[in-house]
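Enquirer: Dumping the structure here so I can ask a few things about it.
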Amino acid sequence: MDADLNKLWEKTLNIVKSEMSEVSFNTWIKSCEPISISDTSIKISVPNSFTKDILDKRYKSLVANSIEAVCSKLYEIKFIIESDLNNEDELNNSDNSDKNRDKNSRRNIVVNDEMSSTLNPKYTFNSFVIGNSNRFAHAASLAVAEAPAKAYNPLFIYGGVGLGKTHLMHAIGHYILQNNTKAKVVYVSSEKFTNELINAIKDDKNEEFRKKYRNVDVLLIDDIQFIAGKERTQEEFFHTFNELHDANKQIILSSDRPPKEIPTLEDRLRSRFEWGLIADIQVPDFETRMAILKKKADVENLKVANEVMGYIATKIKSNIRELEGALIRIIAYSSLTNREVTVDLASEALKDIISKKQGKHVTIPSIQEIVANYFNLKIDDLKSQRRTRNVAYPRQIAMYLSRKLTDMSLPKIGEEFGGRDHTTVIHAYEKISENLKSDESLQHTVSDITKKVSQN
């Protein structure tokens, strides 16, 4: 960020901190970062919509008045959700026109001056929590960052919403720029790529558009699945991909599904997406969820007991955003009610979220039924002592999913599968986990069954 804006913010924080409790300051203000300043307003990045709502309702005037006390000028305060910075052109567009553009594009992030790349400073390899669910994707991303266009090109990362795909993409960009400040790195969402193409066609600036995206060393495109069905965008990206790949430039793509499952994607693009390495990120297991919560608490300087984090990790399983959001919600609830953070308080704070999730409770019998139907077996076959491959492998998949999708203990899972020992369950879980890293057919099978279980 601009040096003057940095000094202004530091002095502002000192005033704000004196007007708030330590818990409230750490919860709401500490994670905020000023993005830009114009003649009339200051834009401030906030981590999520919940924090933005609280700041708008309770602390906006305090921040504005504190800034006025520092610089003797009253600015309009605009809180902007961090994730929106990637989807909207907040960093490159001023409030008025080109006159203020330079002021409003300042931010404390590593970017190449020649490009309009936007990388989140918080998304680095150091801040990424590694677990069984993302270890392969992390290793692949680091390998690409260490040797762009020499390891895997393209790198295609896929997984559900909020599992860390964008984090890894930004981390790759940061790592490359830190080791080569002259590298031209561009990160963009597929939606923004499409919108810029539309504007380029409308304004007859096709060559400028092509120069921007083809004259780079590293191109990172998030949510590439959204170009499916857009013929002109696919045509343009096909040629962009070819030119970059032929020039030995690195391409990194992310999606919510593997290339072969993206509908209405042209075959020529699908095949190119599969040229390099495809790495998936799965829903984090309990141990990884705990590690994520501890990391978040450390970064935000939050004091939360292990039993409370254990409660959150048990109840919130879907994705990292919800997990971290639940922690912030609990801290906020504690701050607003002036109560200590306990499991009981956590239960109160998350009751609405938990009640919605419990409406879709997954059981081992439901998993067994769906797996049995999928493989044309009977549930009794999964519980039997038969060891033929046509029974044993589906049984291992069912055990794996029982471990992933339920709260049942290993002994309980073993009991549900014909009274098997918990070590058998561990073996099944580890075998399927390992095979998922390289077996695309198994990846499709597990994904398909998981969807059926969630819809059941």
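Heads up, the Cβ atoms here are built off N, Cα and C, so glycines get one too.
Checked Swiss-Prot, it gives:
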type: BINDING; residues: G162, G164, K165, T166; note: ATP binding site
type: REGION; residues: 1-85; note: region 'Domain I, interacts with DnaA modulators'
type: REGION; residues: 85-117; note: region 'Domain II'
type: REGION; residues: 118-334; note: region 'Domain III, AAA+ region'
type: REGION; residues: 335-456; note: region 'Domain IV, binds dsDNA'
Enquirer: Hey, for the ATP site built from G162, G164, K165, T166, who else sits with CB inside 8 A of the CB center?
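Expert: These residues sit around the ATP site: G159, V161, L163, H167, L168, S254, I281, N319, I320.
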Enquirer: Using Cβ-Cβ distances, find the residues under 8 Å from K165 (ATP binding site) that belong to the same chain and are at least 6 apart in sequence, listing them in sequence order.
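Expert: Set apart from K165 (ATP binding site) by at least 6 residues yet with Cβ under 8 Å, we have A137, I157, Y158, G159, D222, S254, I281.
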Enquirer: What three-state secondary structure does DSSP assign to K165 (ATP binding site)?
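Expert: In three-state terms, K165 (ATP binding site) counts as helix.
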Enquirer: Which residue, out of the binding-site residues G162, G164, shows the minimum number of other Cβ atoms inside 10 Å of its Cβ in this structure?
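Expert: Each of the binding-site residues G162, G164 was scored; lowest Cβ tally within 10 Å is G162.
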Enquirer: Among all the protein chains here, how many other CB atoms are within 10 A of the CB of T166 (ATP binding site)?
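Expert: The answer is 20.
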Enquirer: Counting each residue once, how many in the region 'Domain I, interacts with DnaA modulators' (1-85) are helix, strand and coil under DSSP?
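Expert: Across the region 'Domain I, interacts with DnaA modulators' (1-85), the residues distribute as 49 helix, 17 strand, 19 coil.
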